[in-house]
């Protein structure tokens, strides 16, 4: 496809659509011919096997996507309505805009945006934003390194709300996006100074005579202090072409915002990097989502739910080459597909992230107590409603936890977490395997014998009646324990009769007679009681003998005690965000995927877990985990079932 000659001298007419942010990004893209050819494949034209279609490659939320459009462009009175090149025979920019609009749903979806958003979509990079009034001390070093890596850069001056793109006396335009096309250390020899002078080259994408008029402008006499060979090396052209040089000091004093799009590993392949003599970042990425009532915990202001957010472990080991024992890390959190969802009334979420140092690099998910007593070591510049929030941090080598979140809890959304470092890093989600913690020290709560008013004191049940705890050694029961078991057996016999077995219906009557005195609920249904029978019905009789009932009774009272411990307001309900902690206290370890499934299965519309559902959840977990373990012969977390065994296991639970 015919593009601007040389790949870096094309200029564009401002569109009537409010997407100047997209125009500025395309202008920056033309400064790198290799990147431009990746987005706009050069082999396309209007002659060879022309079929009226054009293809473009656009990075979309983690993947490069090929977008195909036809050659029909919106026009009015023989003039293109939206973005177009100054050359009337050049259509690639208008077609690229059309492809971008198609990817996001419509031209209307392109109203309002930031240059950084489009620069990322044309490169697959991560964009940093700097307020030059609060710039870091090493900004020049950051920009020099960015230029060495082929990063796209743009700068601007804040607009005057009373004037649209007003030109200042120095030739710069307010509210206008400029491309930064070079950052160089240039040798200078003056009567009062000699050495390296940091300089910045900027470009006005409109390509007109509106240029910088200060020191080192096209007509400035200060260029006489730069040798001809150095001028040639930096590519100096003294024409009214919209491109101009400034000293770094003048540039920082006159511009107010800087955006740097750092190229990712997949932006250019190795051969292309060698061709243009650039370095690359090392990068890892993770895809996730915030699910209300599961892991949409909000920011640190909401301590009781913050710990439920997704947690990611990142390990950085090698310091930067030019830093003293510190590692540069860029963190970007990008919310997915929000621009397209505007038509559904969904706007950008307010997002950010926090970073914590981990003392134990192999720890499981961090709980609420960790965040009560540990401060963060870094965080996003702000929580903001942009597509992506990004920050640069200098960290000591070690292992860290990164927590991306929305500002408020209960917000639903998908995201892409990206981590760029100068040296290789290792990243993965902090999770744990679903299992029963058989060696956990589980509390034993007071037990009221069914059918009696007798209460066994805490700890009265001997070890043989606590199946969730390991017995370190066999001890004969004491005389008191024998008497307690006899009392329990007599109570059981009054319900079961001489056969000493109860079915689900009899179990329901026993449990409801006891638990409805403690909780305001409708009682356990027959299906729940069938699941309880299945949990301890080892001989598949459909009934429980006394020993089986005794084990079930101990489990139920234990889980009841845990529920009361977490039900702080005695409402008979737990927040779904508390479910994981409650199940952990009951002896269960849960993976993130399993926990999400349990919330979907056992929570009500308000995202709460009622007492009966909590008990059924614990019953199902224990039954299914025990069944899985019995079929995991090699103890490798892989169970082998035939069809009949699988159906029997899943249906009778």
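For all residues, glycine too, the Cβ spot is worked out from N, Cα and C.
What you are looking at is a predicted structure, and each value in this text was computed from that prediction instead of being measured.
Range annotated as region 'Disordered' by TrEMBL, chosen from 401-429, 430-458, 459-487: 459-487. Along the domain 'EF-hand' (554-589), the predicted structure has mean pLDDT 92. In three-state terms derived from DSSP, residue 204 (active site) belongs to neither a helical nor a strand segment and is classed as coil. Mapped onto DSSP classes, the domain 'EF-hand' (554-589) shows 23 helix, 5 strand, 8 coil.
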